[in-house]
Amino acid sequence: MSKHLDFKLPAFLILGAPGSGKGTQGKILGSVPRFFHCACGDVFRSLDTRTALGQKFVYYSSRGELVPDELTIELWHAQILNWSETHIYKPDIDFLVLDGIPRNVRQAEFLAEHVEVHQVFHLSCPDREELARRMRKRALKENRLDDASDRVIQQRIATYEAETKPILEYYSKERVLDIDATQPPVKVLRDIVDHITKLPVYQASLKR
Ligand code: ADP
């Protein structure tokens, strides 16, 4: 990592099990000016699968496991610099909407060097069968290897419980908002937007 941005990037984090709707919400928010959606899974899926990194992604994701942290963070950082150098992402005025990263506490610690997470939105869906149903539906629509079999789906949910959910304890309680992810997407969006627009960091950004 040779280049650095010289301040911590202001960010919101969407956290939830696979199938909880992180990508749906992140995409909508990212289409609004001053918000930039960064979906780690999409960054991985855009890799050429003939490269060593692309092969590693296929290896881990098709088993429902996480790609090793160093690789993930390095790729994420390179992509952020690239988006920023090409002015697709404007770090001085855009809020970063993180989706799919961090996925464990170690990644959260790495990320804290680069990012200031102002709010975590926890898309909560205790009904694991509903998550599995959503993933099966997505496998049909989006050609997702990792959603294709029940065994992998169960493994992805287990990986979430064991590795990703503990992130909720890493951030202070005031920074975490639970949102009912079983609501229709537009209501989930309303809950997120309602909260963001009341945050002091968001209100301060309007004065810039
Ligand atoms: P979902 O939206 O269903 O949660 P993603 O598209 O975010 O899934 O991720 C798909 C797969 O990509 C994960 O199961 C994992 O193998 C890999 N992956 C994505 N983000 C990360 C990350 N931050 N760390 C490690 N692996 C990741």
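Each Cβ is built from the backbone N, Cα and C atoms, and glycine gets one as well.
Those TrEMBL annotations? Automatic predictions, nothing curated.
Note that the structure is a prediction, hence the values are computed from the model and not measured.
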Let me know which member of GLN79, GLN107, GLN183 TrEMBL also records as binding ATP at the site of GLY19, SER20, GLY21, LYS22, GLY23, THR24, ARG138. GLN183
Among ARG128, ARG133, ARG156, ARG175, the candidate listed by TrEMBL alongside ARG45, GLU65, LEU66, VAL67, GLN107, ARG144 for AMP is ARG156
Which of GLY19, GLY23 has the fewest nearby Cβ atoms, counting only those within 10 Å, among these binding-site residues? GLY23
Among binding-site residues THR24, ARG45, LEU66, GLN183, close to ligand 1 by Cβ (under 6 Å) are LEU66
Diameter of the AMP binding set by C-alpha atoms, the set being ARG45, GLU65, LEU66, VAL67, GLN107, ARG144, ARG156, in angstrom: 24
How big is the Cα-to-Cα gap, in Å, between ARG156 (AMP binding site) and LYS22 (ATP binding site)? 15
For the ATP site made of GLY19, SER20, GLY21, LYS22, GLY23, THR24, ARG138, GLN183, how many Å separate the two farthest Cα atoms? 18
